[in-house]
Every structure is written in C-alpha cells, then in structure tokens.
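Chemist: Quick paste of what TrEMBL says about this protein:
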BINDING   Phe58  UDP-N-acetyl-alpha-D-galactosamine binding site
BINDING   Asp146  Mn(2+) binding site
ACT_SITE  Glu234  active site, nucleophile
Amino acid sequence: RVVRCWSLRLWKRSDVTTTTDWLAPILWEGTFSTQALEKFYRKRNLTVGLAVFARGRFADEYLELFLQSANKYFMPGHRVVFYIMTNNYVKRPSMELRPLCTFQLLLMEEEQWWSDIDLIRMKVLGEHIVAHILEEADFLFSMTADLIFQDDFGVETLGTSVAQLHAWWYFRNTRNYPYERRPQSSAYIPFGQGDFFYSGSIIGGTPQRVLDFIRDYMEGVIHDLKIGLNSTFERHLNKFFFLHKPTKLLSPEYGWDPTFNAPPQVHYVKVALHPERS
C-alpha cells in the first residue's frame, strides 16, 4: 500500500521545542488538533500494526498489562493488528478486543534464542515484515512489553519514520549523550555531533522504513562483531536516526519513566515504563 502522510500543523508552545532543525514535528500535548487529524485519517481506512516482543518472565509479568492498555488507548477507532512475538504459547488476551482489533501470535522456536534480545527481536520482526506485514499494515510500531499506555496514542503519531525521545536524556546536556564513541564501531557518532538521544522502547513508521532500520542495524551488529565490538541497540538506533532523520518525533510524554518527577513541560503521560522496570 502507498499512503501519503499528512503534514502535521503544530501549534506553538513556548516552553518546549516543537520542530527540529530539519522541520520534523515534535509532538507535545497541546501542539496538534486531534479532531483535524482524525477527520483526515478516518477517510483512509488505515491499518496500524503494533509489534511487541515478550519472552520468559516478560510474557508472564508484562504482556497482559501491555495488551490491556494498548487495547484501550492505541489508535482508538482505527483498525489495529497486534503482532505478539514470543517463545512461549501466550493465551488469548483475557480482555475482549475492541472492534477493528485483531492479534497474531508469532511463535518462535527455542533454538532461535541467544543472549542478545534486541538482536533477535529485530531479526524476527524483519522476517515477518517481509513475509506479510508489508501487505497487511500501512504503519507499524515496534514496542517493548514493559510499557503501559495511559492515554490515547493516536493518529498524531503516524509518519514515515517515527522516533521516541528518551525521557531521561531529553532534559540533559547534549554533550553528555551516551552515543557510541569508538570510531571503529558502525554506531559511532563523533563528539560535537548528534541531534537528540532516542529511546529504543518505541520505533515506528511505514513497515518499509522500519525494515530499513532493521537491515541497517543487523549489518552494523555484524560489522562490529567481526572486529570484536559489541555496541548497544539504542546506540545503533541513534546512529541510524543521525544519518536518516526521523520525520516525526514523540516527546517524552510518549515514553515517560515514572521514577522521575515529571517536569512542568510534561503535561500528560501517554505511555509509561512499567514501574517494576523503572
């Protein structure tokens, strides 16, 4: 499917940055019109995919709450497919799925697992994007299971390439961002460069753009392993967005850590980290 992403007209807020240097919107409460966006997207009959990865105790402890909150708040009123990637048989969610929502259980063999969880979840998601998600969804988000939706995560978040600003690092000095600083690594960002520090808990966009990141990430990991390096998932993600600027950025309101006292800039927490994982 080819879907044109509507240009978001932001309202200004004097206390936060609402547009990047490359003119991508940064979504904060009070900077967009939900009604106007709904009017636009309702006519498009879109399908939005939400991929979540859970294994072992993550499946037992976090997945049910993640799905319950997503069923209530993720893209309300729109067609949604939940893609649940797990190595355990996960029972059908105990809650009743709202209209237009379905879920697919993507089981994986035990021998596929190894110690790098981020690597395997991206590898498996990439395989499913190629196999069927490209044809099933207009937009796709990949999230970790230790998140809880607390308010609507709606069509304002849709875009070709969507990045989540890290709740902790957004309010810190940019010189201290924990980028990969070893020049030999494929995730390397030199001192004095870089825009923001992005969280790895939420990435989104069109399925093709998510697949582009996954392929770049996998190539970077293989490159580093060959020379004896092992950088983190978030550092590879930040290198990708440094080179390929996201078209929409989600403010810390969409990924807040409840162990931090919310600053006055955070009006509403849309998504929060599970308190046991904070």
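Glycine is no exception: its Cβ is also placed from the backbone N, Cα and C atoms.
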Chemist: Would you count the other C-beta atoms found within 10 angstroms of the C-beta of Asp146 (Mn(2+) binding site) for me?
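Modeler: Its Cβ shell of radius 10 Å holds 21 other Cβ atoms.
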Chemist: Give the distance between the Cα atoms of the residue listed as 'Mn(2+) binding site' and the residue listed as 'active site, nucleophile', rounded to the nearest whole Å.
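Modeler: Counting only the Cα atoms, the answer is 16 Å.
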Chemist: Provide the number of Cβ atoms within 10 Å of the Cβ of Glu234 (active site, nucleophile), excluding the reference atom itself.
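Modeler: Its Cβ has 20 other Cβ atoms within 10 Å.
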